[in-house]
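Have a look at the structure below before the remarks.
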């Protein structure tokens, strides 16, 4: 059996590979069509003009569903491994809520492009990366008692993510402060001799670093998810599908999860 066939590890694997591919494919398309500069554009710039905008949108929408599934399985895993522990249960529920919100932000990024609806795009980015960073913090805290070996790896990813957010925030505030001109949001081509070019490059590098720090965090789920199996039990009341069941009781523990860390 191949490693990606073990348990549910295909979920975080697919999330990471598919999301990275959505950035790379839209970047390649935009560069080949000369819609953007090849040297470190904003990720959002690679999905601004058709046809790469269509590719960017549909691929990130799929990433949203993969992200929701991954966050849900992680929630059920922690729930199954720590029954009767109220502190962990509260953190787990908070992490699940934050993860879903972060995934919703990714959907906003995919469907509200920077060029046409900048403020909605920024809202999506704040939900994805801002709330997503808090999700990483919660999962790192949960790892402290449950997965000591993975805890330090997740701490390193968290520090990488936090430094990328700080760098991007500071450089973006400087870039769009008006010191380097106006209407920079719509600017897709930069000349190295232009004022503000260095700040622009720092901002774009920080954005790519932030995106891949997020993807790297979900890579840490792969080993855990290899030990998880999904089983659904179907209960029918009656001998015909036309009959409406009087009741349907689903035991939450039968939906997921077997395994241990």
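A Cβ is built for glycine as well, from the same backbone N, Cα and C atoms used for every other residue.
A TrEMBL annotation is a machine prediction, not a hand-curated record.
Look at TrEMBL and you will find 9-228 tagged as domain 'CWH43-like N-terminal'. The feature transmembrane segment is assigned by TrEMBL to 7-35, 55-73, 94-112, 118-138, 150-177, 197-222.
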For this session: Run the contact check on the transmembrane segment (94-112) against the transmembrane segment (118-138): 3 or more C-beta pairs under 8 Å, excluding pairs closer than 6 in sequence.
Result: yes
Exercise. Same chain, outside the transmembrane segment (118-138) by at least 6, Cβ under 8 Å from its Cβ: which residues?
Worked result: 44, 71, 91, 94-95, 98-99, 101-109, 112, 154, 157-158, 161-162, 165, 185, 210, 214, 217
